[in-house]
Amino acid sequence: MKIGVVLVLLTVFVVVMSSTSVSAQSDEDECLKETGQMQLNCFPYLTDNRIHTPSFACCSEVYTVGKTYVDCFCQFINNGGPSFGIVVSQKLLDLPELCGVYGACGNGKNFKNTSL
């Protein structure tokens with residue numbers, strides 16, 4: 001039940017973030033929207049110690065954000081998602097590799113191909 005409430009709040013946050021329409025910040029807004037969706041899809045894996053493998057939906061978002069919004073992706077992987085209650089953990093740091101997205105955030109940001 002508690003996770004249901006959190007997911008509803010996360011959904012509301014993503015909707016609010018995606019409805020922002022300031023043209024000067026469109027890239028930043030899109031990045032926040034994409035990161036929010038990634039956090040939403042990866043939330044169960046990142047917060048439940050009984051889940052040992054991220055879902056396809058989670059990995060799909062990790063791939064998309066990792067390829068399209070590299071700076072934002074690296075910031076999330078290195079700093080967590082405090083607005084979603086996601087803290088830096090080994091699961092978060094392992095997420096790109098588990099989803100087949102390889103690269104060095106902050107060190108060339110060169111992601112290799114994946115097989116999603």
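Just so you know, glycine gets a Cβ as well, placed from its N, Cα and C.
In Swiss-Prot, C59 is paired through a disulphide bond with C99, chosen from C31, C99. The disulfide entry in Swiss-Prot for C42 points, among C31, C58, to C58. Around C42 (disulfide bond), taking its Cβ as the centre, 25 other Cβ atoms fall within 10 Å, counting all chains. Here the disulfide-bonded residues are C58, C59, C74, C99, and the one whose Cβ sees the fewest other Cβ atoms within 10 Å is C74. Each residue contributes its Cα atom, and for C74 (disulfide bond) and C99 (disulfide bond) these two points are 15 Å apart.
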